[in-house]
Amino acid sequence: MGFYMLLTVALLLTSLMNVEATPVNQAERSALEKSGLGNRIQPRYDNCGDAEADCYQSKCMDEETYDEECEASCNYVVANCI
């Protein structure tokens, strides 16, 4: 049993030593912060009708014109209306 504990600790330590940090310049970091999932401002809907109207409009049905507004309204429909 002691051998397996020692082996586990050794493997954990070697895996931690092999982790490499990748540098990120400030422009990339601020772009990542602005586009992060937690920072999105989602529109507020009082009912499902407005969200469904936004989600099912023609611009949201086309892959090339699908944007964050479409994603927010469609996510609202999936989470609250279906």
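Cβ coordinates come from backbone N, Cα and C, glycine included.
Per Swiss-Prot, C55 makes its disulfide bond with C74 among C70, C74. Comparing local CB density within 10 A for the disulfide-bonded residues C55, C74, C81, the maximum falls on C55.
Secondary structure at C81 (disulfide bond), as computed by DSSP, is coil.
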